[in-house]
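Colleague: Okay, so TrEMBL annotates it like this:
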type: DOMAIN; residues: B:13-74; note: domain 'ATPase F1/V1/A1 complex alpha/beta subunit N-terminal'
type: DOMAIN; residues: B:115-197; note: domain 'ATPsynthase alpha/beta subunit barrel-sandwich'
type: DOMAIN; residues: B:215-436; note: domain 'ATPase F1/V1/A1 complex alpha/beta subunit nucleotide-binding'
type: BINDING; residues: B:G235, B:P236, B:F237, B:G238, B:S239, B:G240, B:K241, B:T242; note: ATP binding site
type: DOMAIN; residues: B:444-544; note: domain 'ATP synthase A/B type C-terminal'
Amino acid sequence: MKEYQTITEVSGPLVYVETDEPIGYDEIVEIETPSGEVKRGQVLETAEDYVAIQVFEGTEGVGQDASVRFLGETLKLPVTEDLLGRVLDGSGNPIDGGPDIVPDERRSIVGAAINPTAREYPEEFIQTGISAIDGMNTLVRGQKLPIFSASGLPHSELALQIARQASVPEDVADEGEETEFAVVFAGMGITQEEANEFMDDFERTGALERSVVFLNLADDPAVERTVTPRMALTTAEYLAFEEGYHVLTVLTDMTNYCEALREIGAAREEVPGRRGYPGYMYTDLAQLYERAGRLQGEDGSVTQIPILTMPGDDDTHPIPDLTGYITEGQIMLGRELNSQGVEPPIDVLPSLSRLMDDGIGEGVTRADHSGVSDQLFASYAEGKDLRDLVNIVGREALDERDNKVLDFAEAFEEQFVDQGFHTNRDIEDTLDIAWDILSILPKNELSRIDEEFIEEHYAGGESETADDAEEAEA
Amino acid sequence: MSQTDTVTDTGEIASVSGPVVTATGLDAQMNDVVYVGDEGLMGEVIEIEGETTTIQVYEETSGISPGQPVENTGEPLTVDLGPGVLDTIYDGVQRPLDVLEDEMGAFLDRGVDSPGIDLEASWDFSPTVSVGDTVEPGDVVGTVPETVSIEHKVLVPPDFEGGEVVEVNEGEHTVTEPIVVLDNGEEVTMHQEWPVRQARPSEEKFTPTEPLITGQRVQDGLFPIAKGGTAAIPGPFGSGKTVTQQQLAKWSDADIVVYIGCGERGNEMTEVIEDFPDLTDPKSGNPLMARTTLIANTSNMPVAARESCIYTGITIAEFYRDMGYDVALMADSTSRWAEAMREISSRLEEMPGEGGYPAYLAARLAQFYERAGRFETLRGDEGSVSVVGAVSPPGGDFSEPVTQNTLRIVKTFWALDADLAESRHFPSINWTESYSLYKDQLDPWFEDNVAADWPEERQWAVDVLDEEDELQEIVQLVGRDALPDDQRLTLDVARYLREAFLQQDAFHDVDTFSPPEKTYEILTAIHTYNDEAFAALEAGAPIEEITSIDAAPRLNRIATQEEYEEYVEELEEEITEQLQALY
């Protein structure tokens, strides 16, 4: 292997090297500083006589006297089932003091796209035990459903609750199925404290044994963040499609990942796109988020829950915006609900699960699920609108019907959404609570639900008789 | 794609940066297809400057290094046309995805090329010409049963000269065998190639006068699109663009559907792939796939292939148009296509225009939509290509360049609205922002084929909805109870228009497709309620009693009735009866 001492320029995370042999695009590079420190990097651009390299560990200590080795292959991660229970740094090196990893295979971390004809459409209901998700934004195996959060909101608690409670009800799971759950967790630029929060919970609940943790902390090099999620997803794909696990992948915080992309783009003096983020950010994010799903003929699955914090609570910011266009919905946290003390503070109206329709209904959850969900959305939306009106004209100015809708909206937040981070409700409970609060509304207001289900589940007899009385008068 | 042709020249890679590769020593013309590197990755020439040729590569470039060879085919990017295009799923450069799966497994590897249609398969050719006939370019020489729904017409390619038929080979043949031979030596086969960036020729373009029936009430009823027309569906994420597009692909009354998933979700494409073969075409009763071609270039497939998939799709659409069919093309989403242009352009270090998009964005969009229309084909037949493009504006902001440049071209605008989607009003097409410029030219068709007062009924609905819009502003300030009775009644009628007419459940077996007759019936039923209710109000009945009759909420249930005629008739009677009982 040839060694070069021909660095011509060091700029931010980038190093330019003169070369006299062809170097492959995306190849891995080792840079050894005069003090003996070895840093790793990746080829970003290659031409006949020079190469641009992004250095994962930061360029401190790299000067023109450093030597550069090209390893002749793209970045690979050693994978094995034994990774379960291990804690690794953002570049895949163990940091838990455990034994070295003996790989079964070394896999390129740039995942290939799954052929859409080879995919299996995700439609297996995952019960998270959280009413606002199970009832109205149902998660299914193989889905990518991000949590859109903002600074100061408890997204970590929600992610942990999902990781703790996620299960597939027995009658939904395929017969004779014995595949296991595993969690792959990638922390990108999160603080030590946040990392501790996750690790403590994993250890307390015993989840660590079936987890693989990749940690790039806030004071770790930013460029490393661009490889951490790829390492995590490579592990997840291996566990799912080679070892047959159902893998839940939590990626947090995608905002830090995008900041790292912007940093590299700026260092390369690329033409910036919106708000300075690179124009290829959509493609780049898609290459991460699309690594979720199921394959025909394989038992395992990769389900993704990326977490991102929206700068300035703005969901039109490029990071949440591009994410929303790629992922199959989003779970939105609300600041207002949070300050009211609602746990988890899920704002259901802007939340969405695109894969919900095929994962619910008769034989899976319950026949009335779809109608109930639509009705909850419609009535809560109306209730929220009426609140604005109440602020102006007062509650007395509203008619009886509108007052009932307001009562419903309140009950919805207090009873349906605010269940606490440690309550695990099964889907029957969730739907029964939904009927309890829907019964605040008059029967004929439930236009989204089929009549037979109203007959079966509607609990409030009062409003019905009131209507009948009116009719009799007429 | 079958660029397995001869190599005209070989050069050497000079640099690699993502999907953009430069080569030296290559004698090439713009848009020539080249094979890059030792693995022979497919690419296209996009810039020539002195000795240096710039190439966009349709596959991952990891590990490719300078010094590796570049081979030029000397031909532009073309698609393979012929029987077998329908009922097939392609990637962005027309490689059949099932062939790719057989060759490289579940994950897409690179360096595999495959023709767009099976060159070995044989088809039963029935000639419609005999020896001695004279044929010209665009003429039909015979037919092939391509699928249960579609009879494939074999055309004399547009770039032939034409002449007298000297040989006709009836019966089973592969697509590459000559089936008709002309006196000048030209041999017509079932397989043809056509460069994707060049529109196929036609005789003339007409003004469209027939609607593309979509089976969606808000579209057919308020904002119709013509066969041969263009429409844009812009909307923020989660507003239902994809479902709206898929509904059109499923239920519109086109003969052929070309569905392009351009930079969209893998699971969504899988849904289409799994759903379509099970769905039946309401017109013919045959499987929907028998009239459909899918192009699936998901967001994580190479960006250059995303740029080309739109052209691949429209060229296939034009091919079936030339056979005299009405083709509907759905592109989801054109924003991803524009972004692919932007990404390539920025790698070329071109001077960016608005929003970082290249300055030629508007021109490319216009060229694409202009390939839609109702045409007289070369042989004097009629065919059409309707184009519906989804637009994904960043942050839902319609003032961004892709939306704006699209709106300057298309004549139908279905604006999706996040607020409607949040309250689960689907399809979330905003009725105040949307428009259709085809309304007037399509009205005669609706008058003749559905109901003579179709335009009046539509206008009535639009007026009520407009009035509601104004009243809502007042309600926001003073509350509904402060309004006079007649205005409160208008709000009530408008609510039924929204819930019973505009809303439509794509996931309900019956409601998913609403024929224009049913659309009309629902509208007139609400109109009946309106007229009777106002009559009751004038006669002195109290507003509370009028709006709480128990027949009225059943207007919301018409949509889900299979035997709707009877239901509507009874309901109208009951509404009339109950309202007249009030005074």
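Backbone N, Cα and C atoms are what each Cβ position is placed from, and that goes for glycine too.
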Colleague: Are any of the binding-site residues B:F237, B:G238, B:G240, B:K241 near chain A, where near means a Cβ under 8 Å from a Cβ there, and if so which?
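Modeller: Among the binding-site residues B:F237, B:G238, B:G240, B:K241, the ones whose Cβ sits under 8 Å from a Cβ of chain A are B:F237, B:G238.
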Colleague: Which of B:13-74, B:115-197, B:215-436 has the most Cβ pairs closer than 8 Å to the domain 'ATP synthase A/B type C-terminal' (B:444-544)?
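Modeller: Top-ranked stretch among B:13-74, B:115-197, B:215-436: B:215-436.
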Colleague: Tell me the coarse DSSP state (helix, strand, coil) of B:T242 (ATP binding site).
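Modeller: In three-state terms, B:T242 (ATP binding site) counts as helix.
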Colleague: List the residues of the same chain that sit at least 6 positions away from B:T242 (ATP binding site) in sequence and have their Cβ under 8 Å from its Cβ, in sequence order, or write 'none'.
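Modeller: Within the chain, B:T242 (ATP binding site) has Cβ neighbours under 8 Å at B:E264, B:E268, B:D332, B:A390.
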Colleague: Per DSSP, how many helix, strand and coil residues does the domain 'ATP synthase A/B type C-terminal' (B:444-544) have?
Modeller: 77 helix, 0 strand, 24 coil
Colleague: So how many of the residues in the domain 'ATPsynthase alpha/beta subunit barrel-sandwich' (B:115-197) end up helix, strand or coil by DSSP?
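Modeller: Split into helix, strand and coil, the domain 'ATPsynthase alpha/beta subunit barrel-sandwich' (B:115-197) gives 0 helix, 38 strand, 45 coil.
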Colleague: Excluding near sequence neighbours, so keeping only residues 6 or more apart in the same chain, what lies with its CB under 8 A of B:P236 (ATP binding site)?
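Modeller: B:S392, B:P393, B:G395, B:G396, B:L416, B:A418 - these are the non-local Cβ neighbours of B:P236 (ATP binding site), listed in sequence order.
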Colleague: With an 8 Å cut-off on Cβ-Cβ distance and a minimum sequence separation of at least 6, pull the same-chain contacts of B:F237 (ATP binding site), or say none.
Modeller: B:S392, B:G396
Colleague: Take the Cβ of B:G238 (ATP binding site) and count every other Cβ within 10 Å, whichever protein chain it belongs to.
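Modeller: Its Cβ shell of radius 10 Å holds 24 other Cβ atoms.
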